[in-house]
Amino acid sequence: MNPNQKIITIGSVSLGLVVLNILLHIVSITITVLVLPGNGNNPSCNETVIREYNETVRIERVTQWHNTNVIEYLERPESDHFMNNTESLCDAKGFAPFSKDNGIRIGSRGHVFVIREPFVSCSPTECRTFFLTQGSLLNDKHSNGTVKDRSPYRTLMSVQIGQSPNVYQARFEAVAWSATACHDGKKWMTIGVTGPDAKAVAVVHYGGIPTDVINSWAGDILRTQESSCTCIQGECYWVMTDGPANRQAQYRAFKAKQGKIIGQTEISFNGGHIEECSCYPNEGKVECVCRDNWTGTNRPVLVISPDLSYRVGYLCAGLPSDTPRGEDSQFTGSCTSPMGNQGYGVKGFGFRQGNDVWMGRTISRTSRSGFEILKVRNGWVQNSKEQIKRQVVVDNLNWSGYSGSFTLPVELTKRNCLVPCFWVEMIRGKPEEKTIWTSSSSIVMCGVDHEIADWSWHDGAILPFDIDKM
């Protein structure tokens, strides 16, 4: 075969392959367009599909064209109504685990914030964990000295419940070293307290935008709940303290609508001390169980009505629930006065169940270790010592810390009552352990119709970290 014949042969073969390739593409397109849509189980090629995720991540509009998806991210629409939250609390026979973030364990090798004061609050579509960061990460040099409560680096951030407080999923909420947050059914309201001790300011955010402020009125570390505020029929309530931590201070209850303060009242409580209230809605009122950091080992109780009238006293039960505290057998209880002579304290909570009360407390009487929740018959109204239920959440070999309350709204549960829930903070690092940092993780429990076995859902991180050995 001469060279010209070889060229002609190669060219003919190449041309044949090109024609065959074109025919194969035509067949493929014909099958895709004509045959596949004929199957009743598949949507048409150019159908637009709206996918709404039950979380605050995104809503997608997916336009399907042949084998290509075009995804457009849409802004989540506002709910068109406020949550009611006037229902009574559901009766709880026990508390089942809802979530656990394991933030410190993950943070030994992950990008997790150094935090304290975590708490949970829920909207009609989700629950979120809020926390106060220290503007630093675990196992990093900036974590040094984070045992300090107040600094210009502290911020309120949040993640979806169960997620660790990591840099990739956290959402900024407010600049704050003290905070509260709640959802009215339409938008989140957050309140962050920041600034110098003598002139601190609380900034109210609604839907992520600053909408109002509260300036310190007593000039002594204005502070708030470190747990969920409470919204009832579109109006949101919270409690603030300004004044000494170890003697008489000043206390106020506030009410806001869509981020604007519409009312406040001074709470008269001579001889009593109120800090870090854990509040929840119940039968149209706000019920709070707080911390007495002055003398009482029983907890203050504050019940706020929609018109901001209130009743204030102490949890009646004949068992103390603050830490440090004395022996149960030596405690008598009082509905009106602080009992015991133990200064300091720890944030805690309680739930009214008719005349009974569920009350959480550390297992240790002297330190923030272990955690249990007790049900005391008639403990909301009498100095009763009759303990009818007890559940251990963290054993006494492991550290606990703050604890607080929130409820699951009926929009989430589809029940006709509000599910009582609580969280327990588990503090690690300074001052109890040999580290340069202080941080915490949390376990969250919700009321159920069954008794739940004792167990220890403790933090579990192995300390010290690498940064502590340098």
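Placed from the backbone N, Cα and C atoms, the Cβ positions cover glycine too.
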(request) With Asp292, Gly296 listed by Swiss-Prot as binding Ca(2+), identify the candidate in Asp307, Asp322 belonging to that site. (result) Asp322
(message) Of the cysteines Cys335, Cys417, Cys421, which is paired with Cys90 in the disulfide recorded by Swiss-Prot?
(response) Cys417
(message) I'd like to know which of the binding-site residues Arg116, Arg150, Glu275, Arg368 sit within 10 A of Asn293 (N-linked glycosylation site) at the Cα level.
(response) Glu275
(message) Taking DSSP as the reference, which of helix, strand or coil describes Asn144 (N-linked glycosylation site)?
(response) coil
(request) Please tell me which one of the binding-site residues listed here (Arg150, Glu275, Glu276, Arg291, Arg368) sits closest to Cys229 (disulfide bond), measuring Cα to Cα? (result) Glu276
(message) Given the recorded positions Asn84, Cys90, Cys290, Cys316, Asn398, Cys417, tell me which ones have a C-alpha lying within 10 Å of the C-alpha of Arg368 (substrate binding site).
(response) Asn398
(message) Based on the record's binding annotation for substrate (Arg116, Arg150, Glu275, Glu276, Arg291, Arg368), what whole-number value in Å is the widest Cα to Cα distance?
(response) 21
(message) Can you give me the same-chain residues 6 or more apart in sequence from Cys446 (disulfide bond) with a CB-CB distance under 8 Å?
(response) Phe95, Ala96, Phe98, Leu408, Val419, Pro420, Cys421
